[in-house]
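Copied from TrEMBL, the annotated features are:
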TRANSMEM  31-50  transmembrane segment
TRANSMEM  81-103  transmembrane segment
TRANSMEM  109-129  transmembrane segment
TRANSMEM  175-196  transmembrane segment
TRANSMEM  216-237  transmembrane segment
TRANSMEM  249-268  transmembrane segment
TRANSMEM  274-295  transmembrane segment
TRANSMEM  307-330  transmembrane segment
TRANSMEM  336-357  transmembrane segment
Amino acid sequence: MGCFSIHHYVACHTCPLWPCGRCCVSNHEHFLTKVSSCVIFFLLMPILVVRDSRKECIDAIKHNLILNTNRWFPTHERATAVGISMGGFHLGNVISFLATPIIMSHIGLTGTFAFFASLGYLWLSVWLLNVESDPLDSCTISKSELQLILAGRSASKVQGSKFPSLRELLSKIEMWAIIVANVVNNWGYFVLLSWMPVYFKTVYNVNLKQAAWFSAIPWAVMALSGYVAGASADFLIKSGFSIALVRKIMQSIGFIGPGVSLLCLRFAQTPSVAAVLMTIALSLSSFSQAGYFCNVQDIAPKYAGSLHGLTNGIGTVAAIVSTIGTGYFVQWLGSFQAFLTLTAVLYFSATVFYNTYATGDQIFD
């Protein structure tokens, strides 16, 4: 995961990940899930070393995470499971921000890429040997745990139903609520991820070593807050709150919190205050994991991996535009604040749209 944050920009890449997710809903789910993981790493990891094309790998890992979370956890435990899993993703950012300058000083830039890529191969070997696509295929799960998982699944009402067409998917306003949330979340997330070190250097003249520490702290807090968000969402669901209401509450926190924090950033006079505000923004944005991120599993449990691939593919375009746009916007105006204000407005607008049209009901069978 550390490869994700070695550089502070997003490379110009879009990978058609939707078919990768879609192949996993065929009759050979277990085999294809592992094959997709294998192909992702053995084909893309060498590219990562040469071209810094790492987001495709990370996104594809998320699709497998969605698939396995949907199958391995009952509805009232999925947000917690996602929070724990994504905690590792955020801690990878912390490790890379702190460790990369040290590693680069010893083995250079190419060696650093190769080192992180080798960790990917190591992770892949563990995944292939231990992870099953479905708990029904596992030899290690207990009967009581299997019964708990199966009892908490969202059963499909129609057997052998076909995958919905793209036109049908995009005709549902509930689907657009998730797409818009994904787009805005990626927009804000990658603005902070890509430009945070540059922001501290430009605005506060914090040197690279200090910027690494300032940039790493928010991701550590984000890992913890993601778990808190997931556990809180699952607690509310088990307490009787509707899934739709819980998702909207979590998503509102995940958007309004960062939006307010970015607006307050203009009043920060010291790097310490700015670091606190960015930490608050990122930590609250992790509540989106218990919002739209899990909402995909609610509306289409059978096609969760595919739909996450579709929505996140669109969100990736927003990430590229926001990252590149930030550079031009700051160069043109000479200030980060205008672009951060625009990002805050997008957060608030997406909150209204999501809360108006999102649902917790299953709409794709």
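Count begins at 1; order follows the chain as displayed.
Heads up, the Cβ atoms here are built off N, Cα and C, so glycines get one too.
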Candidates 81-103, 175-196, 216-237, 307-330; stretch with most C-beta pairs under 8 Å toward the transmembrane segment (274-295): 216-237
Proximity of the transmembrane segment (249-268) to the transmembrane segment (81-103), 3+ C-beta pairs under 8 angstroms: no
Mind pulling out the one from 81-103, 175-196, 307-330 with the most Cβ pairs under 8 angstroms to the transmembrane segment (336-357)? 175-196
Sort out the residues at least 6 away from either end of the transmembrane segment (175-196), same chain, that have Cβ-Cβ distances under 8 Å to it, and list them. 5, 8-10, 93, 169, 211, 214-215, 218, 251, 254-255, 258, 262, 278, 281-282, 285, 288, 291-292, 295-296, 299, 307, 311-312, 314-319, 321-323, 326-327, 336, 339-340, 343, 346-347, 349-350, 353-354, 356-359, 363
